Amino acid sequence: LRPASSSRQPDLRGGADGLALASDPGSTLNLLAMVENLQGDSGRGYYLEMLIGTPPQALNILVDTGSSNFAVAGVPDPDVTSYFNTELSSTYKSQGIDVTVKYSQGSWTGVLGTDVITIPKGIYGSYTINIATILESENFFLPGVKWHGILGLAYDALAKPSSSVETFFDSLVRQAKIPNIFSLQMCGAGLPVSGSGTNGGSLVLGGIEPSLYKGDIWYTPIKEEWYYQVEILKLEVGGQNLELDCREYNADKAIVDSGTTLLRLPQKVFSAVVQAIARTSLIQEFSSGFWTGSQLACWDKTERPWSLFPKLSIYLRDENSSRSFRISILPQLYIQPILGIGETLQCYRFGISSSTNALVIGATVMEGFYVIFDRAQRRVGFAVSPCAEVDGSPVSEIEGPFTTADVASNCVSSVSFHEPVLWIASYALMSLCGIILLILIILLLIPPRCQHRYTDNDVVNDESSLVRHRWK
């Protein structure tokens, strides 16, 4: 079965969608030039080379669809090989605004500024972009990483210190007048997750490159524009439905995040998936530490343990809400080689983990697909990636359409407790407390000098909208 025209890719060869031809020499866009502009691996992220400042300083920048700030190392750090020296750039302008981003693991603090950037394997020209220079960090730059900054490609709702900071991609769309769409391919299927760090990949800014996918592109709506939030309808392990309430898969959100290493599942879903995999696998006894990520499983290098495990399928709602499609990953994507021991053993980790606040489609799944972030039409597309092969065989699949008659009409909670709501509620409560305190002070005739003045310590530090679970 093929999807209807509403869910298929736009015609890139001069169609009405306005996407530039890959071979058009007079265009800002040359999509073919962006093929294989990424390097990296799923364990430590995929990065893009970028030239920053005047004269240009070359840095590797982590591609992250789960955050919205563009930030680079601004001072020497023992875990980075290069940093952006603002004093050497004649075009750098500091905005004098401090910015802090905290993660569940790691954080950084820096100063906002602007400078010009060019992307050697990207769109033509130089563009002025908001840049946060990282002056202090904790567990953000890690030993062995080959990148020096982070490129947040999510929406401005997640930008720090506020959504008024124009994001990198919004700046490109406005200045270069490119279509409001980008696409991402990460080619690490079946390769060590922390290997040489030279796996290929492509970040295509402003369009879709036909050579990077096979078959049709299937689209699912973006439910809300902060993260790339989508709607998961159900999961299957080895073709068997987990039979959970579909709201469990979206608790409290489901997002597509290239900066997250693993496929992360809400605790109840994770437990069901582990039980189903253990039940359908050909392994009689398996250490619980493997499933929780505390232990590796090792086999002789001549063996291929992937044949012991089942396929995992995720159903996404189609643009036509009465239909769905499924993206499937074979064990080659979630049973991941990580360490060789001697000449005989290869050890693997479980590429799925539990989460307290989201289902996150991270690199474990994304390495199987060419993923299109179509911001203009508020949808995320998936197509099979030609590089998602191990030993010459595909390790990912897309199938559909399927009916959604067996699931609820809406699997996403109608109440969204993300950053703007929390900030408004927090300030409302603080204001109420302040009014009550003021009344008490007046009634007790306490001198004005004892009235409380708000300090930085009183500001609500909301971590609910910050990027989490980047490194496991």
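Every residue gets a Cβ built from N, Cα and C, even glycine.
For C246, the cysteine that TrEMBL lists as its disulphide partner among C347, C387, C411 is C411.
When the candidates C298, C433 are compared with TrEMBL, only one is recorded as disulfide-bonded to C347, and it is C298. Of the cysteines listed (C387, C433), TrEMBL assigns C387 as the disulfide partner of C187.
Around the Cβ of C387 (disulfide bond), the same chain contributes Q185, C187, A189, G200, each under 8 angstroms and 6 or more positions distant in sequence. Comparing Cα positions, C411 (disulfide bond) lies closest to D257 out of the recorded positions D64, D257, C298. Non-local neighbourhood of C298 (disulfide bond): I341, L345, Q346, C347, Y348, each in the same chain, at least six residues away, with C-beta under 8 Å from its C-beta. Around the Cβ of D257 (active site), 25 further Cβ atoms fall within 10 Å across all displayed protein chains. Its Cβ placed at the centre, C347 (disulfide bond) has 16 other Cβ atoms within 10 Å.
Put simply, N320 is the one of the recorded positions D64, D257, N320 whose Cα lies nearest to the Cα of C246 (disulfide bond). In this structure, the CA atom of N320 (N-linked glycosylation site) is 24 Å away from the CA atom of D257 (active site).
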